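In what follows, a single structure is set out as structure tokens and then discussed.
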């Protein structure tokens, strides 16, 4: 009987999973916007050693290689701006279809380009897709999913992004430079072809007074003929949203200002702990480690560990809590980058490290686990919990742009510092930043596990301690009115 109930549940929710997977890289249909744009980021790990090598199909300098990595991060800042303009004016579906077009053009340019300038343009276009996807896809997924499966669909955001990086790591070392571009082109083009057939968000249609089409789309998503109750709830949510549109000025009220400091700090921490540099330059890093494995083999192992950890992390977040995971993750990143930096320092000092080459390899793998279970996922959960509904979109856009700006600096400076001062200096900078942010997390970041959103907002607007549990009586009511 239990198995039959599972079959019925799958049939009932299959359209929602189809829509979500095709918007995010379905395991069955193998397409997905998130996988596609993340593949653009992972592409540099197997490609840069090839372009910097003696038999390079397109010879580049170390400085040019740092621009290849960082241009994508820089132009991703423009993604939320473009999405904010498109998503309410033209709809979620049109925005996501437009978001994938720069990525398609970018892969084609790499496939046919003969100069570093063409590669720069390609990476800039891919960055725009990257930023638009990360700012638009969560909104679409949240609006087409029912309450029962919204959590599991949201988890795909991280898992499918790691899948894109994993595929580039696995395929890249074994094919030619331009062949990898043509293979990677299949991801965004498949997404575009399949997503054309999927429905627009009912929320968007209701906001444009297209109630009949909204009801039709909702019936398709729910595989049910009677969706009137849910449609009324959606209509009420749309009306509340239109009455309470938030602006940047609303973020500067007392509670929201505190929330903004927290989320921007976490955005900086995500970048300054060194994660993006390690992902983008992983094969070059492993080239310097005498572990007994080839660099691309080490990168593949790292990608597998990251993918598996990401898949398991959502249940860990709800079980352990946001704050403990962030503290454990940040401490783990600090210790990990310090140990790897120490190894490279010994290499710089010409100390014999032949027998301990496995240590930095193992530590980087452990580092990836610590990063993925905490810093890679928890900030997004906190972002959705500590802001009122009317300013969430504005806060998310600012967070994405700020994190992208910091990420650009990390991606660009990592190669320069490593070349000029030594790789150990870069890793020790990451360790120092992570250690400093342990204090930030301990002092400012609240625990939101198991708390209703209204309670979190009340506490953010009234309490001054990190426990956020000191609200009561009329003070609580006043804070709730202010938060709303």
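The backbone N, Cα and C atoms fix where each Cβ goes, glycine too.
Taken from TrEMBL, the feature domain 'Major facilitator superfamily (MFS) profile' covers 16-449.
Here TrEMBL flags 21-43 (among others) as transmembrane segment.
Per TrEMBL, the feature transmembrane segment maps to 67-87 (among others). Remote same-chain partners of the transmembrane segment (67-87), defined as residues 6 or more beyond its termini with a Cβ less than 8 Å from a stretch Cβ, comprise 40-41, 44, 48, 51, 60, 94-95, 98-99, 119-120, 123-136, 139, 276, 280-281, 393, 396-397, 400-401, 404-405, 407-408, 411-412, 415.
Remote same-chain partners of the transmembrane segment (94-112), defined as residues 6 or more beyond its termini with a Cβ less than 8 Å from a stretch Cβ, comprise 23, 33, 36-37, 40, 79, 83, 86-87, 118-119, 121-126, 128-130, 132-133, 136-137, 140, 178, 181-182, 184-185, 188-189, 191-192, 195-196. The feature transmembrane segment is assigned by TrEMBL to 94-112 (among others).
Annotated transmembrane segment per TrEMBL: 118-141 (among others), in sequence order.
For 153-174 (among others), the entry in TrEMBL reads transmembrane segment.
Marked as transmembrane segment by TrEMBL: 180-198 (among others).
For 259-279 (among others), the entry in TrEMBL reads transmembrane segment. If one looks beyond the transmembrane segment (259-279) by at least 6 residues along the same chain, the residues whose Cβ comes under 8 Å of a Cβ in the stretch are 41-42, 45, 73, 165, 251-252, 285, 326, 330, 333-334, 337, 364, 367-368, 371, 375-376, 378-379, 382-383, 386-387, 395, 398-399, 402-403, 406-407, 409-411, 414, 426-427, 430, 433-434, 437, 440-441, 444-446, 460.
If you look up TrEMBL, you'll see 299-317 (among others) marked as transmembrane segment. Beyond the ends of the transmembrane segment (299-317), by six or more residues, the same chain brings 42, 45-46, 151, 154-155, 158-159, 162-163, 165-166, 169-170, 173, 282-283, 286, 293, 325, 364-365, 368-369, 372-373, 376-378, 381 to within a C-beta distance below 8 angstroms of the stretch.
Here TrEMBL flags 324-346 (among others) as transmembrane segment. Residues 266, 269, 273-275, 288-289, 316-317, 353, 356, 359-360, 363-364, 366-367, 369-371, 373-375, 378, 422-428, 430-431, 434-435, 437-438, 441-442, 445, 447 of the same chain lie 6+ residues outside the transmembrane segment (324-346) yet bring a C-beta within less than 8 angstroms of a C-beta in it.
The transmembrane segment annotation in TrEMBL covers 358-382 (among others).
Among the features that TrEMBL reports, transmembrane segment is placed at 394-414 (among others).
Packing against the transmembrane segment (426-445) from elsewhere in the chain are residues 258, 261-262, 265-266, 268-269, 272-274, 277, 322-323, 326-327, 330-331, 333-335, 337-338, 340-341, 344-345, 382, 414, 417-418, 466: each is 6 or more residues past its ends and has a CB under 8 Å from a CB in it. Here TrEMBL flags 426-445 (among others) as transmembrane segment.
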Segment-level pLDDT (mean, integer) for the domain 'Major facilitator superfamily (MFS) profile' (16-449):
85
